[in-house]
Amino acid sequence: MLESDMLPSPLDSSTSYLSTSTIVALCLFFALLCTCVIVGHLLEENRWANESITALFLGLCSGVVVLLVTKFHSTKILIFNEDLFFLYLLPPIIFNAGFQVKKKQFFKNFTTILLFGVLGTVISFCLISLGAFLLFNGIGITNLGIKDHLAIGAILSATDSVCTLQVLSQDETPFLYSIVFGEGVVNDATSIVLFNSVQSLNFSSINAITVLKLLGTFLYLFCTSTALGIIVGLLSAYIIKTLYFGRHSTDREVALMMLMAYLSYMIAELLNLSGILTIFFCGIVMSHYTWHNVTGNSRTTTKHSFATLSFIAETFIFLYVGMDALNIDKWKTSKASIGTSVAVSSTLISLVLIGRAAFVFPIANIANCIKTRESTKVEFRSQFIIWWAGLMRGAVTIALSYNQFSKSEIASAEDSALMITSTIILVLFSTVVFGSVTKPLIEAVKLRHSKPDISGSTDNQEDLRLLFLESNSSVNQRRSTLSLLRHYPTTTVHCFWRKFDDKFMRPVFGGRGFVPVAPGSSPAEDEIS
């Protein structure tokens, strides 16, 4: 009896290496994740609610319970962690988006995506920064420096591609999905580059050379990040095709795909590049080559595993944001009245609306003037949906806000806390209001399947025209190529890429047509187009 009393209990042995608070936090989050899955299933047919909003509300409710239990003392459960978001939650979401994206539709609109994602983000950054500088003084916030105002412009320019992915469908609205999501990926990368550039700028001597350095930094970041993602993706395809892991174990090839995808993101962060761009293009390359080199069972496994990890990370993020909204320490530190808090939040929301409209409609109409085919032009209804869907802000905005104002050397502690809490209000408002209205809005303007037959027939006609490239003589072929490149640049480039891919890339890196056979494997039912 004495011996049994002296033995440690299971709870005591577990607490020797895991703290009780850690176990409680994990149990709470896993229980909430399960609840989100169940509630999301029950609300699948609901026009207004989606899983993002459900997770936010559950996060808020659980945050209230935690505060009541702790008698309104903030706990670590309610504090937003930037490293957790950028290193563990964001990579699987962006990778799966690149892995599952309709590549032909994405690259068909790549020029428009770059215009919105790069030029549009810069325009929004300038307008929001200028608006914050002019309006905050009238509200009574006078302790923010130039760096803080520019950081606000970069922070609020980052749209929430995670929430947008849940609102739009690439099967129901393929054009809108490719534009909004593609812009979201490029937008996040551009916003983070602008934010990091603001941190490194010396505002005592701003001139034309500084602007050129900013431009050069972005071009370097975009090109090198994209190249790194492509290189890692091709390397994974070559290794799996050459070593053929599937003949012994399908687990190894699945594990290698996952590890190399995450490795690309970490290498990019190590080199101070854009991990978002790197892992996105790594996902595109892996879906084009690596995915076809694995066995049938591995194709099914990877496709659903990546989607599941992305889904869990998305839900976790919105739970996290909802609970972080009740970080009582920040609300106490701000010491702002309700009127001041509402005024600052309303100002930020107004700047987001104006900054978004200032580039979506002008850029879309300029692109329409350049395009020759009616089927490729962005009509006004689509422009409105693109503007509306890009109004949502999410965890990237909160993470950058914490990074700037929790370490600001110029702004006072009260103003810094006020900016963080106002950013949280903006994220909650935009996700709940704009996110819930997006689905009914798309149905109201009847954009689903608006132009499938026109665009499909046009593409088929262009493919028929491109057959002349193979049959004409060298002189006529050169003239025909220039004519097609001038009138149908996207399809012509795609045709030449397809020829180059079939002749040089696929023999080395595999891809569609490479059929590995392993004992007990079966072909995957679904193809990633």
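Yeah, the Cβs are placed from backbone N, Cα and C, and that goes for glycine too.
Taken straight from TrEMBL:
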- 20-43: transmembrane segment (TRANSMEM)
- 40-443: domain 'Cation/H+ exchanger transmembrane' (DOMAIN)
- 55-72: transmembrane segment (TRANSMEM)
- 84-101: transmembrane segment (TRANSMEM)
- 113-137: transmembrane segment (TRANSMEM)
- 218-240: transmembrane segment (TRANSMEM)
- 261-286: transmembrane segment (TRANSMEM)
- 306-326: transmembrane segment (TRANSMEM)
- 338-364: transmembrane segment (TRANSMEM)
- 384-405: transmembrane segment (TRANSMEM)
- 417-437: transmembrane segment (TRANSMEM)
Point to revise | Residue numbers, six or more beyond the limits of the transmembrane segment (417-437), whose CB comes under 8 Å of its CB atoms | key: 48-50, 52-53, 56, 141, 144, 148, 152, 155-156, 160, 163, 166-167, 318, 321-322, 324-325, 330-331, 333-336, 340-341, 344-345, 348-349, 352, 388-389, 391-395, 397-398, 401-402, 404-406, 411
Revision key, fill the gap. In the same chain, residues at least 6 away from the ends of the transmembrane segment (218-240) whose Cβ sits under 8 Å of its Cβ atoms read 118, 189-190, 193, 197, 253, 256-257, 260-261, 263-264, 267-268, 271, 273-286, 289-290, 293-294, 508-511
Check your understanding: What same-chain residues lie close to the transmembrane segment (306-326): Cβ under 8 Å, and 6 or more beyond its ends?
Key -> 29, 32-33, 36-37, 40, 51-52, 55-60, 62-64, 66-67, 77-80, 84-85, 88-90, 92-93, 95-97, 99-100, 162-163, 165-166, 258, 394-395, 398, 424-425, 427-428, 431
**Study point:** Stretch with greatest number of CB pairs under 8 Å, the transmembrane segment (84-101) reference, 55-72, 261-286, 338-364, 384-405 candidates
**Key:** 261-286
Check your understanding: Restricting to the same chain and to residues at least six past its boundaries, which positions have a Cβ under 8 Å from a Cβ of the transmembrane segment (384-405)?
Key -> 80, 82, 85-86, 89-90, 116, 148, 151-152, 154-156, 158-160, 162-164, 167-168, 176, 179-180, 183-184, 187-188, 191-192, 195, 317-318, 320-321, 324, 352-353, 356-357, 360-361, 364, 378, 411, 416-417, 419-420, 423-424, 426-427, 430-431, 434-435, 437-438, 441-442, 445, 447
